[in-house]
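Notes follow once the structure below has been shown.
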Amino acid sequence: DFVRSSELAFVVEPSDDIAVQEQPLILYCQVEGIQPITITWRKNGAMIVDSENAFMLANGSLYVSRFQRVREDGSSDEGEYDCMAQNHYGLVVSRKAKIQAATMSDFHIHPQSAVVEEGGVARFQCQIHGLPEPVILWHKNSMPVNTDNERYTLLPKGVLQITGLRAEDSGIFHCVATNIANVKFSREARLTVSGSHSSVYKDPMILVGPENLTLTVHQTAVLECIATGNPRPIVSWSRLDGRPIGVEGIQVLGTGNLMISDLTVQHSGIYVCAANRPGTRVRRTAQGSLVVQAPAEFVQHPQSISRPVGTTAIFTCVAQGEPPPQITWLRNGQILETSDHIKLKNNNSTLSIYGINQTDEAIYQCLAENSAGSTQASARLTVLWADGLPSPPQAVRAETVSATTIQVSWEKPLQNTKEIIGYVLHIRKAADPVEMEYQEAVSKSTFQQLVTDLEPSTSYSFYIKAYTSRGASKASEVMVVSTLGEVPAMPSLYIKVINSTAVQATWEPSIKLGQHEGFKLYYRKVHLSQYTGPVLLGSNVTAYNITHLDASVVYEVKLLAYNQHGDGDSTVRFVSLRETVERTVLNPPCDCMKDEQNNKTSTTGIIIGIHIGVTCIIFCILFLMFGYRGRLLMCKNVQEQLSTPQIPRSQRSAVLNGAARRDRDDRDLNGKQLDMNELERLFPGSPSQEQHDKGMTPAHSPPVPHDDTQISTLPMDEFSIIEEQPDPLPNAPRGGSPPALAPDYGPANEG
């Protein structure tokens with residue numbers, strides 16, 4: 001509580017107000033903090049000097065005796081006012097209060113006379129501008145309109161709606177506008193209700209839809225929507241984005257006007273009014289936008305802090321509002337200017353002060369402002385400083401050692417050196433912001449430090465502080481020195497053989513090459529001492545062809561990068577073209593014309609081969625066909641021999657496909673005869689044919705008509721023709737049936 005009460009802060013700040021002409025005005029300002037506190041006032045940024053018209057009261061408030069919008073000298077009491085409070089620790093400024101004069105203009109919209117049929121809708125409107133917003137009331141026949149009548153709806157913007165008109169609604173109407181500045185009356189308008197209620201169908205029609213509104217949170221919005229039609233349409237509301245309108249704070253005025261109380265930012269959107277014919281999909285729509293603004297308010301206030309000399313102080317101030325507020329920082333009431341050690345980040349939400357010293361001790365204010373209002377918050381920075389701290393280190397020197405190393409040396413402070421526990425070396429690229437600084441700690445007995453891993457050809461700044469258990473000394477003198485330049489690093493080199501007399505050297509420039517101006521390329525035969533080159537190549541070149549080489553020797557290729565500081569180390573590669581020559585001899589290059597001719601010859605050969613093949617196939621088919629026909633003829637001859645032999649039976653040839661023959665052991669028959677049963681089985685009808693030809697009709701077989709074209713139905717592959725010379729059969733019996741032949745199932749001699 002003591003810390004809070006010791007902070008200089010506002011308890012009451014001036015607020016926006018509307019003043020009445022020639023009336024007194026009081027602007028309040030109350031501050032707490034450590035006394036003594038001085039309060040002053042400003043108007044539009046200029047100091048207000050006490051006068052007969054405006055002076056400060058004992059409690060710090062500002063009193064304006066006779067507020068005037070325009071004075072005789074042309075000045076005005078309207079404007080933006082703020083109060084400033086100051087004590088030993090700093091100064092704070094209040095929020096700006098906007099003061100305006102109460103006014104009222106003439107009516108710029110007057111009610112208009114109308115003739116409406118009974119049961120219809122009548123609407124009167126009058127508009128007038130004023131500060132504060134005038135309150136508009138309606139009179140009918142010089143008497144206030146009865147607002148208890150549910151058919152009469154009065155809207156805040158000066159609109160009177162009358163629904164379900166009746167004859168008694170006829171009369172003379174006018175409106176009265178009132179605020180603290182004045183009272184004014186509009187012109188009169190006559191309403192005439194004619195005829196009786198009509199039953200003729202009329203499409204829904206929206207007479208007046210919602211208008212675009214821009215309001216502030218906690219205000220009330222009225223979206224007008226009045227529709228007519230027969231039957232009377234049903235009015236409904238929705239949001240264009242599909243979100244629900246909700247029910248809290250929502251009210252319907254009259255037959256379709258939407259009123260939203262206690263507005264929030266979430267109520268912003270486009271609202272759609274729809275007039276629907278009952279029981280159908282016939283509808284008419286109108287829409288209007290509602291924008292709800294919110295004054296700036298803090299989500300996170302800056303906090304007062306205490307920091308030792310040389311450290312960093314950070315203040316954070318986060319504000320919200322609609323539209324998003326702009327943030328401005330003040331230091332003891334003045335606009336804060338950024339520098340190398342004062343930085344603003346994150347859209348001015350973060351204030352960082354690096355390497356603070358006693359001059360940074362002040363009150364820092366965050367002002368958040370948008371079109372809906374402004375607010376402020378403050379915090380104090382206390383810089384801790386102890387008596388008896390060491391003086392700054394002396395004789396600081398910085399010397400360049402190499403392209404990446406600088407040596408910094410110093411001497412101990414002149415005063416208060418007994419409590420020193422060490423030194424801190426602060427290092428930063430000269431071109432970098434202060435927040436990029438880094439430190440290296442050094443023991444108290446060391447007075448030099450080798451700073452390594454630096455970048456070539458780069459400027460660095462250095463300063464030293466001596467530290468004790470109670471705090472740090474002030475910073476020493478700042479030294480700025482640059483590192484030496486560095487030659488480029490070795491490039492990567494690759495050699496590719498193109499042919500027997502040429503190679504290609506390629507390389508990949510790397511960031512590690514540094515600031516190089518180009519490349520130098522050398523090459524030589526390995527048995528020679530002198531190089532060919534250098535071939536100077538630009539920094540953007542990454543390949544080079546070496547031609548007119550001797551294929552019988554080995555070459556050495558060397559590449560290096562160079563800059564203004566000299567040549568870098570080289571990369572060496574060896575290459576031989578002998579293998580390429582040998583491969584060429586073993587695998588000579590193709591003769592394209594010869595290959596083309598060979599291809600043509602091969603194609604012709606393929607075509608001829610195809611023709612020969614087709615011809616062979618055709619001959620094979622013909623051969624098979626004629627061979628099959630010959631077999632058929634042979635089969636026919638066999639049948640003729642079997643059916644009508646012209647020789648004696650005893651001399652008949654046995655014709656059987658490897659079937660029954662005379663048993664070779666039965667030599668007493670001295671001949672061979674056919675087994676007629678076997679023939680019947682193999683050649684149905686043939687034995688009968690033979691008997692028919694002789695005029696014989698066996699009892700066991702019916703007569704068969706003679707058919708010279710009858711052939712066997714057996715496949716040709718299942719029999720062969722065997723021709724043998726018959727042995728004479730002496731003493732053959734005359735007449736009667738031939739003797740039965742014993743079947744011989746032995747192998748047949750195939751012919």
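Sequential numbering from 1, following the chain as shown.
From the backbone N, Cα and C atoms, a Cβ is placed for every residue, glycine too.
Automatic prediction, not curation, is the source of TrEMBL annotations.
Here's what TrEMBL has on this protein:
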DOMAIN    8-100  domain 'Ig-like'
DOMAIN    105-192  domain 'Ig-like'
DOMAIN    204-291  domain 'Ig-like'
DOMAIN    295-382  domain 'Ig-like'
DOMAIN    392-486  domain 'Fibronectin type-III'
DOMAIN    487-583  domain 'Fibronectin type-III'
TRANSMEM  606-626  transmembrane segment
COMPBIAS  643-654  compositional bias 'Polar residues'
REGION    643-751  region 'Disordered'
COMPBIAS  660-670  compositional bias 'Basic and acidic residues'
Statement: Other same-chain positions with a Cβ less than 8 Å from the transmembrane segment (606-626) and lying at least 6 residues past its termini are none
Query: Over the domain 'Ig-like' (204-291), what is the model's average pLDDT?
result: 92
- prompt: What is the number of residues in the domain 'Ig-like' (8-100) that are helix, strand and coil, as DSSP sees it?
  reply: 0 helix, 44 strand, 49 coil
Message: I'd like the per-state residue tally for the domain 'Fibronectin type-III' (392-486) from DSSP, helix first, then strand, then coil.
response: 3 helix, 46 strand, 46 coil
